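Enquirer: TrEMBL lists these features:
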DOMAIN    6-134  domain 'Cytidyltransferase-like'
BINDING   10, 42, 74, 88  substrate binding site
BINDING   10, 11, 18, 89, 90, 91, 99, 124, 125, 126, 127, 128, 129, 130  ATP binding site
SITE      18  site 'Transition state stabilizer'
Ligand code: ADP
């Protein structure tokens, strides 16, 4: 049994949708490990340092969240962190399809791993880091969709 869960992702950058999931997860588990991947396969816009910095500032008010970087397989990260619980967010059927594949692959690799899915809230169901970046790049106002730290980071990129 573990009272700790890992919430993994790219967080490029962290959005209010992620914050909603993290906040709700902290009400279920006594410790949440926010694990930000350093895996370059997703071609993140922000460096790992910037993504960690934005996330740190955005969750500073949540005392039971720890931020770490990781690369490689989630089963190994879970082993290292001595927990068998992962958290993922679900917005729509597209997430469901992607997550179903990953869920079964992770179960194949480690049957004791449990992945808990939290549904996106109604107001964050349309939020994704990629869509927010696209809107910001084209001059749209995304300020209320992101924590202040992430909005500042995006503004710095697109103001020049
Ligand atoms: P990915 O791992 O696909 O790159 P992210 O790093 O952006 O995704 O997000 C990490 C997790 O947060 C994933 O489970 C993703 O489905 C979830 N997520 C992203 N945006 C939202 C949102 N607006 N509401 C709920 N969950 C979300």
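The backbone N, Cα and C atoms fix where each Cβ goes, and this holds for glycine too.
Walk me through the surroundings of each of these features.
Expert: When secondary structure is read from DSSP and collapsed to three states, residue 74 (substrate binding site) falls in the helix class.
Sequence-distant contacts (6 or more apart, same chain, Cβ under 8 Å) of residue 10 (substrate binding site) comprise 36, 37, 42, 44, 51, 129.
The number of other Cβ atoms within 10 Å of the Cβ belonging to residue 18 (ATP binding site), over all protein chains shown, comes to 27.
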Enquirer: Over the domain 'Cytidyltransferase-like' (6-134), what is the model's mean pLDDT?
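Expert: Its mean pLDDT is 97.
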Enquirer: Do any of the binding-site residues 74, 88, 127, 129 touch ligand 1, in the sense that the CB is under 6 Å from one of its atoms?
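Expert: Result: 88, 127, 129.
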Enquirer: Specify all same-chain residues, apart from the site residues 10, 42, 74, 88, whose Cβ lies within 8 angstroms of the center of the Cβ atoms of the substrate site, ordered by sequence.
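Expert: Neighbours within 8 Å of the Cβ centroid, excluding 10, 42, 74, 88: 8, 9, 37.
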Enquirer: Fewest other C-beta atoms within 10 angstroms of its own C-beta: which of the binding-site residues 42, 88 fits that?
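Expert: Least crowded of the binding-site residues 42, 88, by Cβ count within 10 Å, is 42.
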